Amino acid sequence: MYKKVSTDLNFVDREKQTEKFWEDNDIFRKSMRDREGNEIYMFYDGPPTANGKPHIGHVLTRVIKDMIPRYRTMKGYEVPRKAGWDTHGLPVELEVEKLLGLDGKDQIEKYGMEPFIKKCKESVWKYKGMWEDFSNTVGFWADMDDPYVTYDNNFIESEWWALKRIWDKKLLYKGFKIVPYCPRCGTPLSAQEVAQGYKDVKERSAIVRFKVVGEDAYFLAWTTTPWTLPSNIALCVNPEEDYAKVKAADGYTYYMAVALLDTVLGRLADEENGTKAYEILETYKGKDLEYKEYEPLYQCAYDCASKQNKKAFFVTCDTYVTLTDGTGVVHIAPAFGEDDAKVGRRYDMPFVQLVDEKGNMGETTPFAGLFVKKADPEVLKDLDGRGLLYDAPKFEHSYPHCWRCDTPLIYYARESWFIKMTEVKDDLIANNNTINWIPESIGKGRFGDWLENVQDWGISRNRYWGTPLNIWECECGHQHSIGSIEELKEMSDNCPDEIELHRPYIDEVTIKCPCCGKQMHRVPEVIDCWFDSGSMPFAQHHYPFENKELFEKQFPADFISEAVDQTRGWFYSLLAISTLIFNKAPYKNVIVLGHVQDENGQKMSKSKGNAVDPFDALEKYGADAIRWYFYVNSAPWLPNRFHGKAVVEGQRKFMGTLWNTYAFFVLYANIDDFDATKYTLEYDKLSVMDKWLLSKLNSAIKAVDYDLSNYKIPEAAKALQSFVDDMSNWYVRRSRERFWAKGMEQDKINAYMTLYTALVEICKTAAPMIPFMTEEIYQNLVRSVDENAPESIHLCDFPVVNEAHIDTELEANMDNVLKLVVMGRACRNTANIKNRQPIGQMYVKADFEVPEFYKDIVKDELNVKNVTFTQDVRDFTSYTFKPQLKTVGPKYGKMLGGIKAALDNLEGNAAMDELNATDALKLDINGQEVTLFREDLLIESAQMPGYVSENDNGITVVMDTNLSEELLEEGFVREIISKVQTMRKEAGFEVMDKIAVSYEGTEKAEKVFADNASTIADETLALEVTKAVPAGYTKEWKINGEAVTIGVEKR
């Protein structure tokens, strides 16, 4: 006996039992061991940070990253799945700062670097248990007992080896550059980090008057960063553009670009008084203004520049100046912008940086101590008070913020360490072109564009908790990169045997300079934590110090997957490091995932109150339901709108249908003591319906196998859903009476074996997607009757397609039957005739005809007596025509009324014949010939009295709705049977219980009962159907307008 199956669709408790079964029986490890030594399919797990909680987006990444390895394991591959933890970096430091009540680097150093680092190491495991529970609950299988951890000494030593290789290639250098800088965190950020923190902000720009030396005139210059004006040392114009000296209506004389005069000065015009905004006095090319001097805007900049004995406060030229906005004159502060810095270097200008590393205005400025963004309005106010502010227009732009602490970044000149990615740009692009991006548009577009514009990687961070940069410097200028702990010990006199490769311990280790003999000290920086995660392919194995053969077997990855923002994060760091070290792509296939949004398409956030807690969602809906939703809902790379109704609907449509079909099988199999192991599926003895289901099953397995092997996840899910729908709503629906038959005749055995085979094989096919439910079905249907079967469905092989069972002609015939049934049901709905009411005749016009067996299915399904195929349905249907106003109106205008009238008077069938023959209708409108083409017409089928028709894709179905007395009585009987069956359920009778039926009602109702008692008895398992005072469970009904009371009793 199979375990009785509840039709309750609350799967959460069942999933917990399945999770326990997997854990108790070590199923994941067994699935790995079973495939050891087979061909490797390599998956890399992008490491999460365990000091942050999982969010709903992590469910999406987890279920995609779980499903593909499950599928490949069932296909026979060895699929290593080593979990990892990303443990370094600012996120961890910020968490610890909050925990300790610290704010900024000064307070960290006062607290002490060593205790701070110890707290960081503890903090990274804050939510480790939660992540592991989350992963288990969602069904994410990975080796979490032996994960790679980026703070581990072995991991860091492998990174040092890689950095030394980069150093030896002369691709790692120290440079004084403009870098995106977070003043709150006190560290520069890489371009990929900057890309993750843009926000749209509204701010005020400044159009400023710069007084020309020796003239009563001003340059009008524009800036979007007023706080940089106290550090101004030059102006810049485009040498090739036209500039003008103009007398403006506000009384000032200005120099600015001709193309922008109206935009900037236009507001000065007074049309009422006839005053023009400006008068052009002279015009110049930008080149003519070069070296023209102006008075310094701020004394502090002048004082700083003077000390350096370099020329400043003059006009420079550069083609980077555009005329798309502003004035065509740009203010230059080389300490705060890459373009400005280039101009400063070219003209050998002084370096003026009147902002400190905390982002506060310098002591010599009038705005000392103010954070730069807070200084903006004060600078504007100061300039306005001095008559130097022409305008401060508001503007909206996208401005970078720190992706971790949310502070506005500033572009700031400082010394940093860089990897020369620009040197390997061509290799990056070539390696990227070998990767199968899903979707391709991201690999070629978003990611490809990123590589086309690649910048040198700012690798260093002025922080504490991270992989220490492995460069030692001597005061003589010599620098050395250490590539291993062994090398460090060889070159050092004070390196402890058990050295921890973190600050402050590593800072204390010195090495002897080979050039001058003095002690060399490590540079204070740590590295970008993206370098950690990007090094995981080799660092997880402590390569090249250990596991050389293992690494080479497992590199590159066959598959990775993360969210779309990782195009500038992990996807990039993996490719960058792999290109630098091995010059090959580190992964072959990548599925890019869209972000999970709320049901309105809005980004989820706690502040908006629309964030979904993943643990609440998993507890409410279950893992399989959420997994299924993410697989079937849309292409993985598109934004996913997550809401409960959609999850429940997906669960009902697919999982509920599969579960109910399984429950149906178990119910009747238990009634008949059916044990699948005692029978074989004999194909030649099967009915057409059985062969059809097996054909659809194998076609579905083939489709899913193809789709998953090509990473087409929604397509695979839809193939599964389509088959389950066919199995339940067509095969089981059409075969119910075979399961109800007495005894165990061959036809009944065939039905059981066909449905059993379909259930087991489709569960194996769906197991990678819905691992919990398929496991439960497998345990009951297979393991309960066959102790030699694999212990878990996830230890089974993926089903192999039986090509001999795929019958495309059979599937085509049944597809046509289904089309006719759908259209026939639509006809019944239009005529408002229930399916229990027989109909005498149905006509079909189509470009196909089906054999008699299939006609019988149509007849039975639609409850019609005859189905006739014909090429002429004129006697039952016609057509009406109306003009398509969008096309006919513009062509014929005033003739539209006449055209409408002419179309109304057409004989429908004749007009359709003409249209089919010539693709046009010719009309005579008051003696003028008008030709209307198919696109000019709105065509509808017209119903003839007593008939209802439906048209779809060249198929016409007509139902004869004229009902004879015999047909009406038969319908009445079917209604009675339906009511009795309903009462059996309501009374709580078992499916096979025998009953007695009693009735009394109107004369007509009683006559129908009496005349058809044997039919009613056969259909309801009634031993007797008698006219008597209703007994047992009774109920009053109104059937076809006739009142009747029915009683049912168990016998």
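Heads up, the Cβ atoms here are built off N, Cα and C, so glycines get one too.
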Of the residue ranges 78-82, 133-137, 603-607, 998-1002, which one carries the motif ''KMSKS' region' annotation in TrEMBL?
603-607
Scan 48-58, 356-366 against TrEMBL and say which stretch is down as motif ''HIGH' region'.
48-58
Averaged pLDDT, computed only over the residues in the motif ''HIGH' region' (48-58):
82
Determine which residues of the chain contact the motif ''HIGH' region' (48-58) at the Cβ level, with the cut-off under 8 Å and only residues 6 or more beyond its ends counted.
85-87, 89, 91-92, 95, 123-128, 130-131, 134, 563, 595-596, 604, 611-614, 617, 642
Could you count the residues of the motif ''HIGH' region' (48-58) that DSSP puts in helix, in strand and in coil?
3 helix, 0 strand, 8 coil
For the domain 'Methionyl/Valyl/Leucyl/Isoleucyl-tRNA synthetase anticodon-binding' (690-839), what does DSSP give as the number of helix, strand and coil residues?
112 helix, 1 strand, 37 coil
